[in-house]
């Protein structure tokens, strides 16, 4: 614990935390140290929690000015389960506001910097993005400020920052982990996920947080099949047999549609290398087709923005959250309190008040998505946008499931490029392309995992090695199998031994 | 546009009559009824709240705190389905929810979870006692909003500040929408009353207008008689009693007729009914349809309604008011008159009491009905608060059956029965069979039928009034009533009135 807390302090310059719970964590660690009986499998383990998971009594901001002072009265199910298993929350991590972004760039609390950018002291080199929206969680784990982190993945928000920071990022099946207490971005896509250094750690944390929850009716009823033991078992038995992990009899699909133009050379190389490693491990690697992939990104944005526009409607400055300085009372008195006010005058004053609170409380990207969402749900646009998106989503889901009926897992890149510089002008559309590889699994509700596989020179900062990850997409609720394959890949890539010292040891204050 | 009516009631009525000769009212009704589930629609909070203690029954779900999720209450679907079945609606195979998006401080999430594209029930109908058939467009479930309390004014307009009470937020509602099939204020009120009865019969809602557990919005338009199409409709809200429903429709009919007569147009608008002034007042003008940006609620997955479940619910449905009325009035059966039937069937508790007395305890139906409609209702202070009062009475159906039987057998007189009634209703602790008779005997109130005993009483009265006896014998036969009354009084109301009558006549005409 002390090691994590000092790493947190040493790397505070990367801005991975919104709130650090130093004293609480130290106290809990001391208590945990005294206990003879383990509370659970994560007894005493320092964990970072993305700041969109409610934590009772601890400020939960979703990195928004809107919730800068919001202290929830209850904890998210995922957080409660972590704590019940002995984990200690060391802090709340920075993110793109309400999860909307792919770089942890759009935060009321500032950008988060990727520790792979080299030491921050070398000021002339551009700093790289940690990815997002769970960038703070990724950096917390990458720097050793926490041993694992809770993230949330709506369109890739766990997998993409994991890939950017050289970590394992697991997005389980939609509904495998309760969303209760996760501040909603897009309800039908939001998925609590896990960022860790290793596949086994991800499996362990998943086993703790997964399973049905009466407080979330979209949470699946099926009991969770524990993953940690199976993942380790598969590795152990294979090792005994002289192999890293045997994947004999397993089929891996390579979906052709993921080979898009924007894909960097290093990503293509890593993809091919990954396929070869899995073949070496005994798997059959074969091409598959998911024809609707090109529709995935626009479909995702229509659905995510539509749901966001409604989910974020509750932030009106009336019950909680940011309230515009010009109060409703002031708006009213301007119109003149008294019988002269008509219902319509007061409606207008109320409208102005809500508009002011929302315009000041939400950042630009959130406002863009909320406005887009309102648009696609409007009577004029519903049929051309929202309805079409639902149909496309259904088609994509069918195609993915069909592909996964022929093979056990799909292997794809995580992102078209490696981590990009934070100085990149925040052109909203360009940033969205980053999600192109990750949104299909989100739309289909399938489990997916990013595994770091290689180092490659950054295409943005000459000479700088940056991590490259690969994504595995599994069948509905088949996390066990997905993790076994991920573990096989991990063992053969041996990525963790190749992380440069300056990433895990350097200080960034 | 001036106020409708103006003068007294009579003037108003005649004006309405005049308008009705030329215009036909077209009325549709939207009802929101709170469903009688113990907990709210989407959380575990109790739905039985005390209106005097604001924000007592609330949780983070009720106030829409960030991160909270709705968990649907299965009982809500059951109650709403039963109501939909009673209204002869088709029941959906799958329960789907939608979000209705709009900003208002009484809506904690700034959207309401409702049903838009797939209502739970659709295509039903309701036949009114007067014979009018009203089609039911749809019945869907939704959540109630919080309650705004405006300080310094009755409405948002003119108030200094407003408070929000979330006790009501998330209470399950059934919204029942009718087709514009009603043609008068009286019919609209009749529809409301009949619907209330049905909701109460199936146990879906207590339908209490005064407490707001049943709320009506009425849509009124008029058209020249003979015209086919529909003209712009006006929605009237805040109609808090069935009497107001009729008044509000009648007011609108006259107001709109005046507008048309003056060559003006009637705008599509929302108005508030003012109970004190008996007038509707402009709330807001509708500029086209509001865009609520409905979309499927992603937090609540669709729920399949198995036909076996629907069948099981259907099997539990009680006889509905219309069927009950028909059965009570059937000449080959109970053969009760319309007024008695109405009284007995208006309140299911009364009907159940009556049926238990007749069917389980063998009471003579007409006599039992007569007691319920007459003396028992009279004792409970007429119609005022009848429902609640009736549930409190101590008399059991068996007790009523025994009472009726004792009178029929001549064991007690009607007069004695009436005298005993208040005690039987308010304090009686009996219950088992024979308890009424035991009480009568214990008090020594059995009827006197022995002619010898009665003859002695007659003799006593005659002897005490020799002058009146003379008068009678000289032709003042009207005095018979006086003597009978005196004899009955002498017996402490216990003497059999017929025997008294014949023996008195005999004695007066005799020696």
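Cβ from N, Cα, C; glycine included.
Unlike curated records, TrEMBL annotations are generated automatically.
Here TrEMBL flags A:4-483 as domain 'Amidase'.
In the three-state DSSP assignment, the secondary structure recorded for residue A:50 (active site, charge relay system) is strand. Close to residue A:50 (active site, charge relay system) in the fold, though at least 6 residues off in sequence, lie A:92, A:93, A:95, A:134, A:136, A:137, A:149, A:150, A:151, A:152, each with a CB less than 8 Å from its CB. According to TrEMBL, the active site, charge relay system annotation covers A:50 (among others).
Here TrEMBL flags A:133 (among others) as active site, charge relay system. Under a cutoff of 8 A between CB atoms, and with a sequence separation of 6+ in the same chain, the neighbours of residue A:133 (active site, charge relay system) are A:95, A:96, A:99, A:100, A:101, A:102, A:104, A:152, A:154, A:157, A:161. Classification of residue A:133 (active site, charge relay system) by DSSP places it in coil, neither helical nor stranded.
In the structure as shown, the Cβ atom of residue A:157 (active site, acyl-ester intermediate) sits within 10 Å of 37 other Cβ atoms. Annotation comment: TrEMBL describes A:157 as active site, acyl-ester intermediate.
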